[in-house]
Amino acid sequence: MKESVCCIQRFHKKGYGTGKSPGFSKPLHVIGGVIGDELIVEVKTKQRAFIKQITHLSPYRTVPKCSHAPSCGGCSWQQVDYLFQLEQKQQRVHELFACFIKEQFILKSILSCDQIWQYRNKMEFSFSQDRSGQQFLGLIFAGSRGHVFNLQECWLVSVWFSSVVAQVRLWWKQSGLSAYRLDNTGSLRTLIVRQSLSTSDRLVMLTVSGRPEYALNKQQIQQFIQKILLTAPEPEKVSIFLRIQQAIKGQPTQFFEMHLHGPDHMLEKLNIEGKTLTFKISPTSFFQPNPRQAEKLFSSALQAIQGPKKHILDLYAGTATLSIVFAKIADRVTAIELNPHAVFDAKVNKELNHIKNLEIICGDVGSKVQELKNDPDFIFPDLVIVDPPRTGLDGKAIKALLELRPQEILYISCNPVTQAHDIQLLMPKGYQLVLLQPVDQFPHTVHIETIALLRLF
Ligand SMILES: C[S@@+](CC[C@H](N)C(=O)[O-])C[C@H]1O[C@@H](n2cnc3c(N)ncnc32)[C@H](O)[C@@H]1O
């Protein structure tokens, strides 16, 4: 391991501080480095380095709240002043789009987060064991290849999350179970914890191996439930699930959920333009992880569109959040979602929010749009909303969009890199980017949510 000096000049896309260092031909990426820092660093791999000493403090540096901040892979920017985080995110979005868009488009100022701590409603923790058998349950070390550390606190979520982790760690010690390993041996894989920010509903899901020789027995499951119930003020209201993940070589991974305790879902509420909407969320359904910012995201998306619309297609609809928000400006809305559990939630959410003009379809976006188009009664949409996973739109979905040729496409994304890539494919076919609105859903991380409005010219 080599020691060197390094001045941080910019941020790497993963949030590391990047700067030149004498003796190294390529810039170093320093975990925890902030633009303006002068550092003595330890160089671990060719370009990856760790801070040994700060010789000059950046004016953008602040004191992290969490004791894990210097090494946790969850928050790479807790040491960066929040206003500077926002500036950096705004600049990143500008760089990603301005490099290929020559026409005028409006890049709005990023919508900041009012509650920058304890804003998440979900966190996934991993189980791991080293060669000596020492047990770890928590998050992944920054810059490591999946090395887990024992989490004691996390400021992105409520304190209940760390008390669940602590109780599960105690249960694990007594259980005799082992952590799942990449060679498909061992039992315990992940622990998902969710807590609604509006109703305080709580949900815990333990994911284990599907190999029969690593299955949990009745007593182990009962003891797991008892430990979780110790953490909650109203134990009867905690939902507990066991998820069995079956990984067989050459076959798609399969999941089976077992409902162990409490309600089979949780409820979350969003306030959109003065109206409170209620959403049922099953353990495997996606829901926006920062509900207060989701309110800003959805309100801002709604304001970007001038209604009324005849037919809105909501692709990658999840639990139908956007469909329900947009239903008031359309004659009809059609939602398409792959996950059957989320589709089931979406149907309940339609009823809970008294929506009459919404149809919900379960299936892959690319295939279902083709089927819809073949229906002679199909009304071509004037607005298509897409909110895909981080990987963006696949070839089939892009093709479907181009065949539908709606007047407007509202593209919401948690990954502006894939979003910019997809928009580059849509532009030569007559679409122009008219509006870009970044939203800070994830303070202290490098992640950015963006709303893009495309119009057919
Ligand atoms: C980022 S979430 C957006 C959900 C929703 N718009 C919201 O804000 O709550 C993406 C959703 O796309 C779904 N999905 C992923 N691939 C899909 C596909 N090929 N076809 C349909 N839905 C898909 C996922 O299950 C997930 O619910």
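Just so it is clear, glycine is given a Cβ too, placed from its N, Cα and C backbone atoms.
Automatic prediction, not curation, is the source of TrEMBL annotations.
TrEMBL lists CYS414 with the feature active site, nucleophile. The feature active site is assigned by TrEMBL to CYS414. Annotation source TrEMBL lists S-adenosyl-L-methionine binding site at GLN288, TYR316, GLU337, ASP387.
Looking only at the binding-site residues GLN288, TYR316, ASP387, the densest Cβ neighbourhood within 10 Å occurs at GLN288. Across the fold, the C-alpha of ASP387 (S-adenosyl-L-methionine binding site) and the C-alpha of CYS414 (active site, nucleophile) stand 8 Å from each other. All protein chains considered, the CB of GLU337 (S-adenosyl-L-methionine binding site) has 28 other CB atoms within 10 Å.
When the Cα atoms are compared, GLN288 (S-adenosyl-L-methionine binding site) and CYS414 (active site, nucleophile) turn out to be 10 Å apart. In this entry, GLN288, TYR316, GLU337, ASP387 make up the residues listed for S-adenosyl-L-methionine, with the farthest two CA atoms of the set 15 Å from each other. Compute the center of the Cβ atoms of GLN288, TYR316, GLU337, ASP387, which mark the site for S-adenosyl-L-methionine; besides them, the chain residues with Cβ within 8 Å of that center are PHE286, ASP314, ALA317, GLY318, THR321, LEU322, PRO388, ILE412. Around the Cβ of CYS414 (active site, nucleophile), the same chain contributes ARG390, GLN441, HIS447, ILE448, GLU449, each under 8 angstroms and 6 or more positions distant in sequence.
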